[in-house]
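*Asks:* According to TrEMBL, the protein carries these features:
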type   : residues : note
DOMAIN : 122-159  : domain 'FAD-binding'
DOMAIN : 316-531  : domain 'FAD-dependent protein C-terminal'
């Protein structure tokens, strides 16, 4: 708990303490379900914020209890002040009102006449994923003339295109699971977990903004919040309507094919209708700044940036396979007798998930190269309880998959990627591709997966038991949620041995902690390659501007600075304020409001 003259924050596991508190004196700020095996039985854990003064006024006998509390990190924490982060729109409205009060209306009277308002700076936002949307929101609220350019379709048409892919195998290259309004996370699980600090003011502002646009309020307190695709679609529609009310020009179906560069500075962009072939109908648009908020699948954009000598460096990411179990099996492994209370997301107990991190190959090594080969992390990624396996290819000759869930997580399957870290050392066979070596590494194994599946978006699959034994699954494969079909394949021959062996070792280790994980009902699907961007576009820490091209502001997951909905949104928000400051639209200190942004050199926390 956090305690001060104004409030305190408890981690409550003792019902006798909780029963002493009048409901009016506290509010729940975090709720989680702890089912770790080290506990005698699973339990709900609540973190509550308590107003100490109100509590004493209402229940004087709690004084002795409060007086004996000692600060303990994660258990009892004292609050430094009573400030609570608001949603981003409310904060910006307050800022704009204060700014107008201090400086008068933007049109000022001079010698009896009204002086014209200066021209608004024109800003292009390329991409309508979380980083692009939040950058657009900040800049528009602060007075910029914003144009949002999205190569894909709005969520309504995008949903129809994804339906055509799932039913008729028609892949729209610009409107699919990766491209379109909301970005790749829209048709995924809608996870809102992040490693950049879920209680920071920046993250809380993003979360409350989601609620403002229609997200369920429980995402503010759930220990592992998620939205689900069905909740994200109307949220994004509300977000779009608000941006348009602010005057943002939103152009869907508009691909940015090139930058207009003069004297080492971006002056605009060249766009075309993304339904047509590249370069068929070009249009030049002039801007004062271009915010590049593309996703990690915008490979054509990366190639275009290299033509302008933009500083790009390969970065580590992870590749592997997606494993699927019956959800009931995962419930039983995690909850034992409590599994009967799950009821497909409608019960008291949440649908079971898991999070796994293993270090593979630790031991004595003789040199740095050997250490790279021996020490690798293998971990679960984008675990989707009550979900399904989906196709995330953007090219018919390349095959990759991901997982998605709806808000209730009510399907009969549980899936998760099991991935192994790879680095520039692993990209050596693709060195001829320079900064895009990691991209080519991804493509190589996506092509192999497509050939293994036999084409037509059929996914190569293998029973987990057979993958461990290095043999083809000759019997009937267990059922799969993947709707376009699976084909028995030798997935143990898909990747280089160092990846395959790391996956096999980690699966064996997981089964020791979660007996039953290796099961004849468990099915591996290939291939999972787009866990994060395979590169990073260098930028200045304070201004977010490219280090090699003035006027370009690379942000979000595609630029290598985020890995998920929340971290991308926070990155876009910080960039919006930084750019607004450069454009003389904002004179405040963003870090005084939200705290320091995540470190942007070396390893980036997502």
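Yeah, the Cβs are placed from backbone N, Cα and C, and that goes for glycine too.
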*Asks:* Near the domain 'FAD-binding' (122-159), which residues from the same chain, at least 6 beyond its ends, have a CB less than 8 A from one of its CBs?
*Replies:* 88-89, 92-93, 95-96, 106, 174-176, 179-187, 206, 209, 232-233, 236-237, 239-240, 242-243, 246-256, 268-269, 271, 274, 285-295, 298, 301, 555-558, 562, 565-566, 568-573, 575-577, 579-580, 583, 585-586
*Asks:* How do the residues of the domain 'FAD-binding' (122-159) split into helix, strand and coil according to DSSP?
*Replies:* 17 helix, 10 strand, 11 coil
*Asks:* Note the mean pLDDT of the domain 'FAD-binding' (122-159), expressed as a whole number.
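*Replies:* Taking every residue in the domain 'FAD-binding' (122-159) and averaging pLDDT yields 98.
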